[in-house]
Amino acid sequence: MDLRQFLMCLSLCTAFALSKPTEKKDRVHHEPQLSDKVHNDAQSFDYDHDAFLGAEEAKTFDQLTPEESKERLGMIVDKIDVDKDGFVTEGELKSWIKHAQKKYIYDNVENQWHEFDMNQDGLISWDEYRNVTYGTYLDDPDPDDGFNYKQMMVRDERRFKMADKDGDLIATKEEFTAFLHPEEYDYMKDIVVQETMEDIDKNADGFIDLEEYIGDMYSHDGNADEPEWVKTEREQFVEFRDKNRDGKMDKEETKDWILPSDYDHAEAEARHLVYESDQNKDGRLTKEEIVDKYDLFVGSQATDFGEALVRHDEF
């Protein structure tokens, strides 16, 4: 990926900038399904396997015996039990499931990490990121590709500071993941909304009006007739996006649009796993209770748990 593509990814606008005028652009961030399998425990636990370890990991579960599966499942339980109190709660299970489902995100961060960690100290400072990303471009006040790199750098710095929880301008791997994928972190959602509004709010009045909303998705480009989906979006704006009917979307209305409160599949699955495995009904799981129900979690097979444990070291 070249610098131009990478920068546009960071500013969350690649897909929008490269779309054809008649293609609908989608800025809405939805939680993905945990599995494409049917969730019916009477037939199989395939859905639960996908949810617990991720669909790609579940595909390799045919390598181990039940005994090996139980042993390695016990190792994973130790990772899920973040506070090391000997119990796995719904919250800990939910966090594990969300982490397992976002393997592609962590892979993306891993692929970029060594490019930016110049001194190989296991951290990425703002200076490292800025120098690698913008170093050779900031000296050119009029780049050939027309991008304002200084303006993009200011925007990246603002996001970097938001991701950097302790304010030392040095990102851990988790903070750098939040920087690259802010839509995945609750504490980064305000910056996602702010950047989206800045992209769409052409008159810079702090709101998104109907024409700005439509203009972000569709360019007339000399065509008088709008596609049917554009007319539908106009109706959506009036009926649902602009909740207070003042003709424009403010920050909260924009947040409701691009970051809807979807059904929390990970929370529902965590609750299901606890309900099915909690033998003494105390609302939490011991390692023994989980391993006893290993068929629900991993079946009689398992994946390369060594890789899984490394990927989940952030826990």
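In case you wondered, yes, glycine gets a Cβ from its N, Cα and C as well.
A TrEMBL annotation is a machine prediction, not a hand-curated record.
As recorded in TrEMBL:
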SIGNAL    1-19  signal peptide
DOMAIN    68-103  domain 'EF-hand'
DOMAIN    104-139  domain 'EF-hand'
DOMAIN    151-186  domain 'EF-hand'
DOMAIN    188-223  domain 'EF-hand'
DOMAIN    265-300  domain 'EF-hand'
Mean per-residue pLDDT computed across the domain 'EF-hand' (151-186): 95
Over the span of the domain 'EF-hand' (104-139), count residues by DSSP class, listing helix, strand and coil in order. 22 helix, 2 strand, 12 coil
